[in-house]
């Protein structure tokens, strides 16, 4: 008896269904590194148009977290997809190496008691150790880049070019020194840039304090009264009592309506809109009378006494005064608030700062000298109470600025700092703010809402404090006049000389420099080296100049910057400002892409205390990096990205669908040689030509749309849908009969394999930017072997097809698919009640509208293959309907179809006539399915 199972084309797949990624990925990485894949790619891509994604440098401290992984994976998908789209897309990874967090770690490890040069040396060593750890993890994610030659902000050349960028901004006229209030962290002992500030809720004392008017006659005139009997007070409300010793004025809104109210305390001046709430706070319900009203402009230049110090307090008009809360009058301390500083500066009031760099009151401050501002709060609360000027005291919870590193509250404190001015006219007569806003207009944003966000931040941001009083940072290499504070007149030339030294020896070249090496003896008497270092955001914000402009393989401006949404106020902005403030005069990027933060499945932030942290190391060790990459790509990054074990298991199911599809494709291509066996398109079976159209259209959607627009979640959705619906549930389901049962080298089978070959090559190329390990594993089989790489190839080129013919083909097979779905639905009840086991055990009678019936009948005897039934008949009717029943034929042992011709051919008693022909004759022919 013949064993017909040996006559079917069931081949083993060289692509296993189980990926075993976690174990196999490291070996692939090792092999790619040994083959110098990245370097070979640069040679292959030489001469192509450039695409530059400039890497925003992660900070060189601690292990990478899941947010780092998302960021690097998204960048890698873009680099790979651009490469396959025909660009030369080099990727130079970078690290941010200077700054306080590293100082803090070095102090913890080695203490503080050492020479500063040794301290900086240890900081450099620590940063290098952290970079090595992070680099290993980034490479493990499959991120392709020049890992042997990354950029580091602590590289001597980069440090030198950061100094040169400082020189650019100096020459542009935007740099100035000023004693302005800046956000100051007492734990850092330094000013903070806006990007280093985060807002959290804080409970603060809220007090109403009365300032006695000196001259009630002038006050009466302001309110249009003949006179005022008794005492009168301007009442302020503040949540920072510690600033009261620095109070130098009270501000009123010029257009705000104020009332003079008679109360048991005396006459009080309060904003009309806030008076009722204020009087309730003071417990005044009886004996109240509104005497008069006026506007704030009439109160200007009236004078009061300080509530507990001997100090004259003028009334000013300030644009910052609102009637949202409080009293409508604002106590004004120019040393401790930007708006306070601005209004006092306008009125020529000299700044007084009683708080030192440690956050303690100077010795001249009565009662609180030597106390920290937080310790002094309760003492200061008692002070106006003793003088009878405290009207109310309570607690309030409000959003307050905190240090992003120490999580401690900040203070505004006036210090002598170096600023990049936003509204100062530069050497070209334009302000930096105007230039930056124009640069925003010239930038493309992904997602689009990023434009409004960055624009509003630039419109509202203060001048950029670029100086720091730290040790581990790029120095501000200026010589400053000892008496005037002015910069040396030859600063531009001196900066370049210093930069040349730093290029050779690093920042230590400045710190160890004796000024006599660069200055004349006379200049040495009058000028000192500036001890300040630069804000680390200046370091990273200058990398478009120090890296992109300097490295031969890169081009300025970059095409794309891609970072988390917090970088609108961080790296995106600092890069924008250095680009616009320098001779480049524009943003250093053409596009900005923003991704959200990673949260757990319940939308909560990752937190060790909650126990919901998902570490990338755990994910790639358990699931493989390709699963992490697929998760990152399949999640809409424009919002928060949710991750958990359950979510990753669902992602694994999508991966399995793609992998199983590839395994099937490779099994059925294992005896196919495209050079010898391919069938010309005109000679292909019709459904194979239709499948090629579906595959080509998938490629067009991804290569021509989703990848260039960075819409990776749509790309993943389309790939999975193509594998499960177009291939798995339709084309491959139909194809199995032809692949398995026709003669191995028949046109019918070779036509199918030709289609599968094109589909497989295209599919592997399409998944490769996302599933880089799986893509390369597959390309080893269908490409040029182990030394070849999917990245060495651009998108697949499909056989050309006439547009009109394609449209007709798609229309026809769309109708056939619709009919097939109706047939499948009609058979389902028969399967449910066990009347039939598989659809091949059924017959279908289809009623269809004329056009659809024509398409179905055109397939003739092959219609049953397309519908996966053993027999199909079609008649014309008004609408689609299907009647299904069990076949009365006999099951063919070889093809499993139920027919009435089993055993019709002598010697083939258990198989149908078609199978007898395929086994012993010339083989069947197919035209449609």
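All positions are counted from 1 along the displayed chain.
Just so you know, glycine gets a Cβ as well, placed from its N, Cα and C.
Note that the structure is predicted; figures quoted are calculated from it, not measured.
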Matching range for Swiss-Prot feature annotation, motif ''HIGH' region', among 58-68, 69-79, 80-90, 91-101:
58-68
Have a look at 600-604, 605-609, 610-614 and point to the one annotated motif ''KMSKS' region' in Swiss-Prot.
605-609
Among 892, 895, 912, 915, the one of these binding-site residues whose Cβ has the fewest neighbouring Cβ atoms within 10 Å:
895
For residue 892 (Zn(2+) binding site), just give me the three-state DSSP call.
coil
Note the Cβ centroid of 892, 895, 912, 915, the recorded Zn(2+) site, then list each other residue of that chain whose Cβ lies within 8 Å of it, in sequence.
741, 893, 894, 896, 897, 899, 902, 911, 913, 914, 916
Of 563, 892, 895, 912, 915, which is closest to residue 608 (ATP binding site) if I measure between C-alpha atoms? They're all binding-site residues.
563
State the count of C-beta atoms found within 10 angstroms of the C-beta of residue 563 (L-isoleucyl-5'-AMP binding site), not counting that atom itself.
20
Going by DSSP, give the three-state secondary structure for residue 912 (Zn(2+) binding site).
coil
Residue 608 (ATP binding site) has how many other Cβ neighbours within 10 Å of its own Cβ?
7
